[in-house]
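The structure appears right after this line, and notes come after that.
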Amino acid sequence: MDSCRRAGLSGVLCSLSLLCVILDIQLDGVLGATHVEIEHHLEMGRKLLAAGQLAEALSHYHSAVEGDSKNYLTYYKRAAVFLAMGKSKSALPDLTRAIQLKPDFLAARLQRGNILLKQGNTDEAVDDFEAVLLRSPAHEEAEEQVRKASELVELREEAHAAYHQGDYSTTVTVLERVIEISPWDPESRELRAECYIRMGDPQKAIQDLTPTTRLRNDNRAAFLKLSMLHYSLGEHHESLNHIRECLKLDQDDKECFSHYKQVKKLSKQLDAAEELIHMERYEEAIEKYESVMKTEPNVPFYTNLAKERICFCYVKIKLAHKAIDVCSEAHQRDPRNANILRDRAEAYILNQDYEKAVEDYQEAREFDSDSHDIREGLERAQKLLKISRKRDYYKILGVSRSANKQEIIKAYRKLAQQWHPDNFQSETEKKEAEKKFIDIASAKEVLTDPEMRQKFDAGEDPLDPENQQGGGGGGGQGWPFHFDPFQSGGSFHFKFHHN
């Protein structure tokens, strides 16, 4: 304060003067410390970049830029990290700032021009390459990139002309070179995707559209189109994911929200139907798949899928005739679907139509030769066909393959009374009745014994002597009642069990 008075300064001015001195001292200290820290961050960034630890390197370059916003090299180095991370959009502002700070920095000019060319911004890219050539006329890379930019302009014009003429194949061919030069240009990929859609190849369209969601900011149109393409292919979960991304960008987007409601409803029904099948609640699953067809009647995939799964459910609940009808309709809609042929074969087995079952399994094997289920099913159907040409216990009793034990015993009693040999007078009639009665009793024995019935259903006749080991016992001969049908004498006295 004394020095202030000697200088003739007032109290207020003196206080301000002292404050400025203090701030200068503090700033000098901070700036000195910051310089050391900046050098440390730059060195660490360099080492980490060399080691491939990009995220850590970027963090140090962020700190270096914050510490010294006037150093063009720091921006350039951070841009290099962004490029190594595949973040060209983030690299551009740093390269631009480096050029602003040092307009004759040719490396930054060339790097920015390369990025702009890959993005398809030919005019801006050429400006950078020409700026390089202005200071370095013999620069080979810059000259080559100018030629590429000129080629890109001509190829784009050729591609658009072919597209407007409806020549989508030529358009795709030309765009291959366009995208080779400018892989980060969303417009070229979107045009090629549109060609693939018109050529009936939605999978390739999806491959082109997917990167455009990152190449173009707020690309709701791409998310919507991707969702609709996945939806048309039956990939409802992927469709739902993409349409949600659209709504993240704008929850009020009308087109996206409308499609979201449809996809969400259908996806929920499909998931619920499959869960019901998993829980073996087949009747409810059938109802759910019928709802699926009402929710989406215009996309063939979902009707085909619903018919296929309803066919499967009818087989599981052993409704043979309904299964055959639905499976046949599903087969007409999707003739190369091995699952449908397999399920219809099982329905034919339920209906005791073994020849058709064998035919369906053989056709299914043509489309899926590696399936264990189809191979095993074909072997079983062939065995059943062979047995049926000998004797079919279900046909003998006149019951379906899904008949329960009570139904089997009821049919057995009725037929046993009808064909009892004592009911017939002539020797010829008695012999015919005897044969029928033996078959009826054999059928009852096999079909009321769970183990024997399982063997028969698998294509093996448990009473066939060929399938017996050793022969011998009464059960092995297939006589489940206490009589010898080949004994002499004219009268027969049968005792059979009503169990």
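The first residue you see is number 1, and the count goes up from there.
Placed from the backbone N, Cα and C atoms, the Cβ positions cover glycine too.
Sequence annotations record features per position, and here TrEMBL assigns signal peptide to 1-32.
The list of residues near the repeat 'TPR' (72-105) in space but at least 6 beyond its ends in sequence, with Cβ under 8 angstroms from a Cβ of it, reads 38, 42, 45-46, 49, 54-55, 57-58, 61-62, 64-65, 111-112, 115-116, 118-119, 135, 184. The feature repeat 'TPR' is assigned by TrEMBL to 72-105 (among others).
Sorting the repeat 'TPR' (106-139) by DSSP state (H, G, I as helix; E, B as strand; all else coil) yields 27 helix, 0 strand, 7 coil. Residues or ranges marked as repeat 'TPR' by TrEMBL: 106-139 (among others).
Residue counts of the repeat 'TPR' (220-253) by helix, strand and coil are 27 helix, 0 strand, 7 coil (DSSP-based). The feature repeat 'TPR' is assigned by TrEMBL to 220-253 (among others).
Non-local neighbours of the repeat 'TPR' (338-371) in the same chain are 308, 311-312, 314-315, 318, 320-321, 323-324, 327-328, 330-331, 377-378, 380-382, 384-385, 388, 392, 394-395, 400-402; each lies 6+ residues outside the stretch with a CB under 8 Å from one of its CB atoms. Positions annotated as repeat 'TPR' by TrEMBL: 338-371 (among others).
Residues of the domain 'J' (392-460) grouped by DSSP class, helix first, strand second and coil last, total 52 helix, 0 strand, 17 coil. Per TrEMBL, domain 'J' is recorded for 392-460.
Residues or ranges marked as region 'Disordered' in TrEMBL: 449-482.
Distant neighbours of the compositional bias 'Basic and acidic residues' (449-458): 380, 383, 387, 393, 401; these residues of the same chain sit at least 6 beyond its ends, with a Cβ under 8 Å from one of its Cβ atoms. Look at TrEMBL and you will find 449-458 tagged as compositional bias 'Basic and acidic residues'.
The feature compositional bias 'Gly residues' is assigned by TrEMBL to 469-478.
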Would you kindly list the residues that approach the repeat 'TPR' (106-139) from elsewhere in its chain, counting only those six or more residues past its ends and only Cβ-Cβ distances under 8 Å?
72, 76, 79, 83, 88, 91-92, 95-96, 98-99, 145-146, 148-149, 152-153, 181-185, 187-188, 215
For the repeat 'TPR' (72-105), the number of residues DSSP places in helix, strand and coil:
27 helix, 0 strand, 7 coil
